[in-house]
Amino acid sequence: MHTRCRPYRRSIQCCTLCGDIGHRRDVCVTPDVTTCAHCQERDPSQDHVCNPKCKLCGLAHPTASKECRQKLRPPPPPIHVRERLARVEVLPPLQPPLQTQTSHPLSSHYQPGSSGRRQQPMQLANWSAVVASGIPQPGDFPPLPAQPVLTQAPIDDPRTYQLQRENAQLKKQLEMPAPTDDPRMQQLQQENAQLRKQLEMQAARTENLERRIEELLARLTALQAPPAQQAPEIVTPSNTVQPTFQAPETPDLVRIEHLIRSLSETMERRITALEQRQEAAESVKRKTRKKNKHQSLGNSTTAPNDNPTNDPPSQSTSAMASEDEW
């Protein structure tokens, strides 16, 4: 099996979606613009009269079709031709050779049919000498533009100090939080401060409860200590009664344990209730910030609920009641 190979020739691409030249349909930057691929009419109707016309050659066929002669781009010239053209563009024009030996008569150096042939080698020799020497001539390059001299303001200039003060004031304004005139935001801030105070008070009460629990545990441990750990009683001849150990009553121990458990449960319930209220307040605060941000950007957003804060759970109320009863 033989595959026929042909030299690659770059072709001009035409978009059949917008009708522009230079890109394909799949990478069109204006997909919303619809154009007829044959007659290049904008927003064509279904029953429009289509007269194909090529944008490249102007003939009656679709743009950049197979029969278009200008679809293929001309191949670039060879490398040596491009280098020669670039060298000719860079080098200055040739100057006519200086006339030497003007004192001699022309008849002594004249030969018929050889004057034109002798002038061309002299010019080529001069041109090749210029190229081989590599020495630039004064008129080869245009003069460079004069660079402006930058003048730096002195350090003691009062304008510098004024600019520094203004810069410091702007930094302070950027660092300061923007005042919020929204009454809902102010209410949330007040509620947040109240919740923080309640958390501090609850932390203090928790410390007191923990201290009381430790004291009760110490008393319970002392009551449950075996008789061997107590100090022995000194036996004297006059004191013949043997020491007896009286165990604590069982209802007292049960009552102390029940009291410790109730205190722990009450403390945990109140801490959980305060954490839930704090989370609800933070969520409402985030929603309000998001709403203010959307309003400042000009986007329409839905209004938040009338009662954004969640009611405190019934567990906190029961916990407070049980603690007061105790």
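Including glycine, each Cβ sits where the backbone N, Cα and C put it.
Remember, predicted model here, so these are calculated numbers, not experimental data.
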- Which range of 145-165, 229-249, 250-270 is region 'Disordered' in TrEMBL? It is 229-249
- Segment-level pLDDT (mean, integer) for the coiled coil (185-219): 84
- Long-range environment of the coiled coil (185-219) - Cβ separation under 8 angstroms, sequence gap at least 6: 256, 259-260, 263-264, 267, 270-271, 274, 277-278, 281-282, 284-285, 288, 292, 309
- Task: Tally the residues of the compositional bias 'Basic and acidic residues' (275-285) by DSSP class, grouping H, G and I as helix, E and B as strand, and everything else as coil.
- Result: 11 helix, 0 strand, 0 coil
